[in-house]
């Protein structure tokens, strides 16, 4: 049971961003602020209309994937593989951390191994082979073929 | 005509035929590699080719221009991940086709549209070259402003049935485009005090976040086993031939989109991304039955793909005739021409006409080669959509991350992609369209700069907005694209009522 319409958080986020930008625009010269101000006011008005049209408070409906690239006609979800969004997001946030510390080549390899083994529960052999293969491919592409220096990370690897 | 045949003979002769083939394969590899694109390939090739004769250089660089466009559409169709902004619009109908098990048909249609669109672009390039000088002088900020406004009228078509949300998303795209230095006053706008944002938001991490990372997050959170459905015995039941036939079934639409793409590509500074958006909008707004657009309609793949590839030929018109590059790729090409002592303009079009045609044939050949290779690779690539999501996700994530980090060597770009990944995921889950945001992000700088310039020139009495014929033509087109869908809808409703 939820009290807020799905997407209310997103609408509030957009409205706050627009309001903050609008506030900031008053510190700019007329040339730099005229077009942004018109767009920001229009966006805020449209957000208000959208909120009124959809109704802020609804109940008893969970988030539903809506068509934007075909979700409506997509495959039936099998919930055994599903995870809470927070945990899924944590796995994604781990990626910049791994690349930032270990660099592009080592970071990508380690991240891929961790993901395959502990998120996808693949066997060790498959996880190791895939992650090392990916790391090797990236090394060959960037360092050998295209000679584009891969991002080194904090440890300079 | 003699110059064209002489150039074709040279292109097809040994060993020169190797250059466009090698150039196409390199361009395909670069455009498929995250963080690299055809512009970086050109930049790398300049020092290598500096001592070469102009002929192989023209062959190689023509292939670089033509070989990169189509690859981004394949990933957009299969994985909802556009290679670059111009491919973003293809996913609107391409990805739903994949989800419905028609990936082969979508790629077949895209490849055919791409090759034939490039052919139309090249033909128009040859026909328009002699008239380009006077046409270019007729273009000013007022026309650019009208093109931006025309592009914005396609919002209704790109909003997936929710115009209000589409407009809000476009408003957000505009806001994001305002971040960074104001080009007229050099004031910093909306940077949150971050140095990273002073040059504005880069399109690459935004695209990777909104589509690639958002898609992965959705795949993880929903627990879907694969990208393609597994409900049917053959999840890839569509056929490439069906896609090829669809292009010929909708030939007038294809032709209109190709001409539109060439004309937009020929206008310097507009950028190729706009061509696909406007072509999609036109296709949807002029269709007798637009209800299937956005749900997997093959017309939504044909129109933007034709425009995207036709624009390459168009972009060469101002580059060769006037020395004005249309984008990064043509700017680098212009540099290469200058390095080899070739001055664009009258001299290039008279004394070096054979070389001009060599470049054109190479572009033509590379576009066809890319499409043929795309069709040849369609089966193994489409099979990827049936691989278990748990195995595919880390590879997609790593490739997206590599694309973001290697683009400018900044980890902050990856952080930006992750932030937009979450925003894109939420937008997808609650039914907010993402394409209008990308379109506004692309069009906003053109709109703002042209508006300021037009107003300033009007104040100074240097232009009369209403006396410019191209402005009037664009105004009519804008009004038509706004009014036509409404009239069609009313006509349909009237017919359904039995009138």
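Every residue gets a Cβ built from N, Cα and C, even glycine.
Feature annotations, courtesy of TrEMBL:
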DOMAIN    A:11-147  domain 'DUF1468'
TRANSMEM  A:7-23  transmembrane segment
TRANSMEM  A:88-118  transmembrane segment
TRANSMEM  A:124-145  transmembrane segment
Does the transmembrane segment (A:7-23) come close to the transmembrane segment (A:88-118), meaning at least 3 CB pairs under 8 Å for residues 6 or more apart? no
Who are the long-range neighbours of the transmembrane segment (A:7-23) in its own chain, taking Cβ under 8 Å and residues 6 or more past its ends? 36-37, 40-41, 43-44, 47, 50-51, 54, 56
Could you please provide the mean pLDDT value for the domain 'DUF1468' (A:11-147)? 81
